[in-house]
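Chemist: Here you go, one structure.
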Amino acid sequence: MGLIDRYIYALIRRIPLKQRADSEKEVRSLIEDMLDRRAYGREATSEDIEVILTELGDPNKLAEQYRGYNRFLIGPDAFDTYWTVLKIVLAVTEIAVGVTFAIQVLVSPTNLLKEFVDALISGVSSGMNGFAIVTIIFALYEFSQRDNSGRAGGKKKNWSPKSLPDIPDSKKEIKRSESIIGIVFSILLMVLFVYSSHLIGIYHLADGRITQVPIFNDETIRAMLPLVFALVSIGILKECLKLVTRCWTKKLAAYLFVINVVSFAIIAAIFTNPALWNPNFLSDMVHAGIVSGDGDDYQTIKTIWEIVTGRMVLLIALGYLIDTCELFYKGFRK
């Protein structure tokens, strides 16, 4: 019976541990029944065993039936959406890197070769980051669908017409363009803050020369990169959930509410850090000749700067509150 043992071993090693004992008993019993029917009371030969195992087929494929699911990183149900999102992410990422390169060249035209090399590295790095974020999100979605599909113990739940989803009301349908815009915004956020935070600032053209005053402290931004990546990932996750769900539901609204809470907590952690802002912003504005140190324009810029740096979190909180109210309205309305 060595061949049977080898076959069963090849099968159960591809099945989760908690299912192996029951699956082994079931397969062994099935093989014995098939051998009894073939042998008609005589002792089964090695040829009989080979024929039976050939009928059962590749143990890898048979293992899929006992697992109750295929080993997809991203299954066919979500792959089209995954591929669409991935193409958008990669395209927007490279375009954004190209635009930042053009801006950098305008600001520092003397370092063209260095800026080109930096842009090339940023393009590859940001593309890899975008690919990783999207792939991980859809892989986690695939895993969650596997766990929630009713395939406990490796056996598929019996299908019934009653399990068919309702046709969604057109008012509850989620526009694809809405999610795509959200993904584009998240990718632009990643490119700007991760690779080009030093370019976010006030630009001034005088005597044919462009002067730039940065708004943020580049060193602080770099120290907060894990939070920035987390924020971007959550933003893409939010839009991907809307893409795969395709219509507003109470469950989706609840998920998005949790995402909004986590996202706002990260943003609050970033923008409440006083070191985030350029400590020399006002003096840099004067030095660049954008404002005069003793004029009314300086006081105006100072007031605006204090409002922005002191109340940015409140403005963002208002935006999240409006978005949360909107998603609950869309998810719970009849």
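For all residues, glycine too, the Cβ spot is worked out from N, Cα and C.
These came from TrEMBL, pasted as-is:
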TRANSMEM  88-107  transmembrane segment
TRANSMEM  119-141  transmembrane segment
TRANSMEM  180-203  transmembrane segment
TRANSMEM  223-241  transmembrane segment
TRANSMEM  253-277  transmembrane segment
TRANSMEM  312-329  transmembrane segment
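Burial and contacts for the listed features, if you can.
Modeler: Same-chain residues lying 6 or more positions outside the transmembrane segment (119-141) and placing a CB less than 8 Å from one of its CB atoms are 73-74, 78, 81-82, 85-86, 89-90, 93-94, 96-98, 100-101, 104, 187, 190-191, 194-196, 229, 232-233, 236-237, 240-241, 244.
Here the transmembrane segment (180-203) has Cβ contacts under 8 Å with residues 85, 88-89, 92-93, 96-97, 100, 103-104, 107, 122, 125-126, 129-130, 210-216, 218, 221-222, 225, 228-229, 231-232, 235-236, 238-240, 242, 278, 285, 290 of the same chain, all six or more residues outside its ends.
Remote same-chain partners of the transmembrane segment (253-277), defined as residues 6 or more beyond its termini with a Cβ less than 8 Å from a stretch Cβ, comprise 215-217, 220-221, 224, 227-228, 230-231, 234-235, 237-238, 241-242, 309, 312-313, 316-317, 320, 323-324, 327-328, 330-332.
Sequence-distant contacts of the transmembrane segment (312-329), counting only residues of its own chain at least 6 positions beyond either end whose CB sits under 8 Å from a CB of the stretch, comprise 248, 253, 256-257, 260, 263-264, 267-268, 271-272.
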